[in-house]
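Asker: Sharing a structure with you now.
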Amino acid sequence: MQQRSRVLGGTLAGIVAAAAATVAPWPSQATPPGQKTVTATLFERKYVDVAKACTDQLGPAGYGYVEVSPASEHIQGGQWWTSYQPVSYKIAGRLGDRDAFASMVSACHAAGVKVIADAVVNHMAAGSGRHHAQYTKYNYPGFYQDQTFHGCRKSISDYTNRDDVQTCELVDLADLGTGSDYVRTTIAGYLGLRSLGVDGFRIDAAKHISATDLAAVKGKMKDPGFWVQEVIYGAGEAVRPDEYTGIGDVDEFRYGTHLKSAFQSGNIAQLKSVADGKLWQRQARTFVDNWDTERNGSTLTYKDGAAYTLANVFMLASPYGSPNVYSGYEWTDKDAAAGGSTGWTDDAAKREITGMVGFRNAVGSAELTNWWDNGGRPLAFARSDKGFVALNNGDAALTQTFATSLPAGTYCDVVHAASSCDGDTVTVGDTEAQVDAAKSVALHVGATGQSACRQAVALHVPGQSAGSPRSSAKRVEQ
């Protein structure tokens with residue numbers, strides 16, 4: 001074991017007043033419903049493995065939701081995107097059958113985690129299904145025939161033309177005529193996965209279905225549950241994300257792009273305006289990356305290491321949007337499906353992330369206050385008197401003083417001690433602070449005490465006397 005100095009907190013607010021940047025607090029959002037608003041997306045995980053993850057990891061960490069990849073029967077192939085090319089609405093994809101899906105939902109519910117199913121309802125594909133039945137384009141026995149598809153039988157070519165985007169074909173896939181009552185009823189029937197206990201849906205490619213048609217589908221469901229829709233913003237495009245906010249939440253792709261710009265530019269101070277120009281906070285689902293963006297280069301990915309982790313810490317600490325933590329698998333071939341039982345990134349289960357899920361649950365709707373930055377790589381802020389976080393995206397340790405707004409007491413640093421406070425504690429009091437390079441510190445009122453902890457270091461609470469112990473804060477590295 002090696003010992004090294006590491007101070008975790010901050011002190012006298014007046015010392016940093018001249019350098020501090022302030023910003024009006026962001027209001028907090030309230031969706032998805034319930035007190036636990038964080039989703040974990042387990043991309044391409046078999047349903048039996050999702051069930052285990054809910055029981056062993058997601059439930060204990062405090063996740064409110066798990067999002068799973070599409071369940072419907074799809075074309076054969078060794079590429080991940082075959083899951084997004086359905087040939088029927090049978091629960092018969094590579095991730096598990098109907099029984100496996102139902103068992104997963106039950107296990108996740110028992111662990112306190114609700115289930116969001118990724119639903120592909122914009123189009124159908126052609127080819128052999130998972131059970132070797134052959135499907136031809138525009139002919140899906142028991143579901144759809146030629147007349148149930150849009151008449152534009154060509155690929156989308158003009159995103160400034162609404163009709164082209166919503167009636168022509170996404171990568172040559174047969175585009176469902178969602179203006180038809182029959183099609184709407186059939187889609188609503190598939191979304192009857194609610195009968196298996198599913199709590200909500202991510203609507204894939206929602207941008208390519210008119211908001212009017214999607215609202216009509218939802219209106220056919222007695223209890224549609226929570227919806228989040230994939231509507232990617234594009235400058236100058238005809239279809240906008242805000243058209244869909246009356247139906248449900250919308251994935252805010254600009255958020256992940258903003259995070260990448262901030263963490264790679266050397267100026268994470270720009271994140272004080274992360275909500276500007278985006279969807280209203282109560283309607284946006286935020287994420288650092290997903291399976292598309294990690295492959296097209298528009299966001300950070302697991303390959304970015306510490307910056308990726310810090311971006312997730314920031315997302316979970318800040319009040320804008322409903323956060324979605326993505327867990328995929330390691331890849332070199334952008335098209336390749338998951339290889340088996342190894343290679344999963346498991347970001348949703350990492351200590352830094354699970355600790356911040358608890359932070360998010362503890363601070364609730366508390367406002368963002370006491371924003372501090374120096375115009376460069378570090379930042380810090382409080383969530384009223386409920387929580388405090390500091391991030392250092394630099395390559396050298398940061399020594400600084402911060403205003404935490406926390407009540408006096410001893411707190412667990414939850415990014416280093418996500419459970420049972422078995423890493424570091426921080427005592428709110430009076431000493432200077434250091435945050436290591438490429439690291440963060442997070443404290444909240446739901447994680448206090450010194451159970452199994454080795455160290456204490458002080459931070460200052462504005463307006464309180466500085467009488468807490470001083471410490472060199474040496475931490476044993478495990």
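Placement of Cβ uses the backbone N, Cα and C atoms for every residue, glycine included.
The shown structure was predicted, so the numbers you read here are calculated from the model rather than taken from an experiment.
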Asker: Looking at Swiss-Prot, which one out of ASN122, ASN267, ASN290 binds Ca(2+) in the same site as ASP175, HIS208?
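Answerer: Swiss-Prot names ASN122 for this Ca(2+) site.
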Asker: Reduced to three states, what secondary structure does DSSP give HIS208 (Ca(2+) binding site)?
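Answerer: Note: HIS208 (Ca(2+) binding site) is helical by DSSP.
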Asker: Measuring Cα to Cα, tell me the gap between ASN122 (Ca(2+) binding site) and ASP204 (active site, nucleophile) in whole angstrom.
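Answerer: With distance taken Cα to Cα, ASP204 (active site, nucleophile) is 7 Å from ASN122 (Ca(2+) binding site).
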Asker: Under a criterion of Cβ-Cβ distance under 8 Å and sequence separation of at least 6, what residues of the same chain contact HIS208 (Ca(2+) binding site)?
Answerer: ASN122, HIS123, ILE156, VAL165, GLN166, LEU170, ASP175
Asker: Expressed to the nearest Å, what is the distance separating ASP292 (site 'Transition state stabilizer') and GLU230 (active site, proton donor) at their Cα atoms?
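Answerer: Approximately 11 Å lies between the Cα of ASP292 (site 'Transition state stabilizer') and that of GLU230 (active site, proton donor).
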Asker: Excluding ASN122, ASP175, HIS208 themselves, which residues in that chain have a Cβ inside 8 Å of the centre of the Cβ atoms defining the Ca(2+) site?
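Answerer: Going along the sequence, the neighbours appear as HIS123, HIS150, GLN166, GLU169, LEU170, LEU173, LEU176, THR178, ALA205, ILE209.
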